[in-house]
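Here the structure is laid out as structure tokens; the discussion comes afterwards.
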Amino acid sequence: MNYPSKLIEQAVLEISKLPGIGKKTALRLALHLLKQNEQTVEGLTGALSRLKKETRYCERCHNLSDGPLCTVCASPSRQENVICVVAEVPDLIAIENTGQYRGTYHVLGGILSPMHGIGPEELQVASLLERVKSAGEEMEIIFALPSTMDGDTTSFYLMKLLKPFGVNISTVARGIPIGGELEYTDEVTLGRSILARVKYDFGG
Amino acid sequence: MHLAQLHLHFFKNYERSDLEFVAGINCFVGPNGSGKTNLLDAIHYLCLTKSGFGFTDSQSIAHQSQFFTLQAEVEGNTAFSLLKCIQEQGKRKLFYQDGRLLERLGEHVGALPVVLIAPDDADMVKGPEENRRKFFDNTLCQLDPVYLKRLSRYQHLLKQRNALLKTMQAKGRFQADFLAPYDSQLIPEAIWIAEQRQQFLMDFEPLLQAQYQAITAGQEHLQLQYESQARDPEQFEKMFREAAYQDYLAKRSTVGVHKDNFHLYLDGHPIRKFGSQGQVKSAAIALKLAQFLALKARVGFPPILLLDDIFDKLDDKRIQFLLRLVAQNEFGQLFLTDARPERSKKMLASLQTSIRVFPVEKGRVLAAEDIGQVPPSE
Ligand SMILES: [Zn+2]
């Protein structure tokens, strides 16, 4: 594609690097921004550059965070002895949106897939073990990992590491359609499956 | 079961083609490079969700396009009558049965059983072990969707384990605990797969022997021997676990059913080593015909048979044998390619079935001609 100006070309090039955005869409977005007033555009660029520069990760659970601890870990009303292990932040957000879960989280940063360069050392495993080790009370760990082959392998791996600490382990795979990613599961189903899990472990 | 119609859009060298088939024999005739074989491959794609000639999905998209679609109308005892495949460049391949998108491609495999007899079949007999494993896996996957599922699982876990071994080797540190989640899943899968392969071969070997004897008019005895590290479950688990460090050094898994061998013997001698060209060709056809019979026995109707270039590549004796089977109504719907239309017409003329000839020219299918003694509506 030929562009009438170098500046437009540059903008299109950058925008089209985003996932799911082709050159055509990028051009449409760039022209749209050009029509906005300066304040609006600076609002966007400012938010984007602060996003990368200032976003931090929770020291405890690796959730996105504004301070050293995320809002979940900082909240006094969450049960610290219950940890829900998720692959990525969107999974955590999906569970939070159910409004049914009162425990804390641990974000692994992915699932095991050595062929994509993700081995055990690339995941936040050591800090999870540290949390379990240093806990003063009996811990409950819930796996909410994708129900795929690699998700299962990740669960197997973690289970073996957690076993010696005598923790209660459960999964919320039940109720989630097979092959369905956590992120896309509707809130009602997910909420119900988390509650069902909690009742199962505490009642029985 | 037979395909009544086939529609290609941007598949290989076809921009657009719409074909109506007969339930008997369909012949694609035309010069080499015209795209006859691509039509067979389109049918193979619709049956098994992939090329039968080793092409990747993106290689099957016409160069002027970003996608291809294939569509077929199926008549007879299948759960669906309209089948559609859409492959967009760089995207997931989509299969629809009567408009319903299949969640996994594996759901479709086996629904339209197919057997391909191609010029390079001799490589299956003469070539490396991998070729025979592929042949038997292809057969077992068409017979049993659970086999397909568990084999895919095994292959995926194995790929991940091998990638992990490579990374460990690059980092210079062996860590058995990293391998553990893969090992504990791979071992039971391997044992199950070996069991299935062995069980299947018990039914398959007599079929193979009978076919070989029929082709060669009976002098020699063809035997099949299965060799697997996973035949003894306890032994296998021990062997697999003990190989971990050796695997680390080799950067790949050295124990498992991906090492299985299927040996073919002729009167006790390995055919790979000692078989003549004729014996190898006969064994190759016997394998494919036995595959055909095994599938037919399981599903209760004849699979689709694809014959690529057989009049050119097979000698008269073997061609006559195949044509006799056609005449005896052993087969269902049949598709074949030939570079010489007059030869095909002469060979097929006497058969009591519907026959339609499609002249093919540079990615275009010209007006078809019915030459059979049985009207096409039969
Ligand atoms: Zn946190």
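Note: Cβ is positioned from N, Cα and C throughout, glycine not excepted.
If you look up TrEMBL, you'll see B:22-364 marked as domain 'AAA+ ATPase'. The average pLDDT computed over the domain 'AAA+ ATPase' (B:22-364) stands at 94.
Secondary structure at B:Ser34 (ATP binding site), taken from DSSP and collapsed to helix, strand or coil, is coil. Residues or ranges marked as ATP binding site by TrEMBL: B:Gly30, B:Pro31, B:Asn32, B:Gly33, B:Ser34, B:Gly35, B:Lys36, B:Thr37.
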Any same-chain residues 6+ apart from B:Gly35 (ATP binding site) with CB under 8 Å of its CB? Would you list them in sequence order, or say none? B:Lys12, B:Asn13, B:Tyr14, B:Val360, B:Lys362, B:Gly363
Only counting partners 6 or more residues apart, tell me which same-chain residues put their Cβ under 8 Å from the Cβ of B:Gly30 (ATP binding site). B:Lys36, B:Ala339, B:Pro341, B:Pro359, B:Val360, B:Glu361
Can you name the residues of this chain that are 6 or more positions from B:Pro31 (ATP binding site) yet have a C-beta less than 8 Å from its C-beta? B:Ala339, B:Glu361
Cβ within 8 Å of the mean position of the Cβ atoms of B:Gly30, B:Pro31, B:Asn32, B:Gly33, B:Ser34, B:Gly35, B:Lys36, B:Thr37: remaining residues of the chain near ATP: B:Thr337, B:Ala339, B:Val360
